[in-house]
């Protein structure tokens, strides 16, 4: 398609540039990368890991016909546990994914008490639990074991954010790839299931 200069297309460009920013899908690119990675793992028979649906509170339903209900008003509830769960090589896996534009830390307000409690319960049952942290400004991704997140959460309750230095010390950097895009199973296999120690 050739774009010839004329008023209509320049007007369209101006209106699209002046639209207010919508932050509703912030982090979606990271989420899409994780979903693509999970699809790859599933297609290769390596793991079965899925994103948990966000609970919705239905407020109002219209019934235009007896057989057709139409949800008119609904709201997202706060997620009750973590983002992803599944099975890898006989092990239960449960993890949260967080993305930030900050360069030196991840805000602790992103982690809710019920999520920390859920991670503690998963670890008590010998499950593999962690958080994937993505620093979008540096394009760096880390796997931080839940135990290290929980320790930081309980010891440093006054902290507003977890420093990148702590994440680098206790976490594992994941280099992005083509297939899979975020090869976190490599870290699990090598570091969390009896491979190399820190």
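Placement of Cβ uses the backbone N, Cα and C atoms for every residue, glycine included.
What you are looking at is a predicted structure, and each value in this text was computed from that prediction instead of being measured.
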Co-listed Mg(2+)-binding residue [Swiss-Prot; alongside 81, 83, 115] among 73, 96: 96
Distant-in-sequence Cβ neighbours of residue 96 (Mg(2+) binding site), under 8 Å, six or more positions away: 82, 83, 84, 111, 115, 119, 131, 132
Conformational class of residue 83 (Mg(2+) binding site) under the three-state DSSP mapping: coil
Residue 81 (Mg(2+) binding site) and residue 98 (site 'Transition state stabilizer'), Cα-Cα, nearest whole angstrom: 14
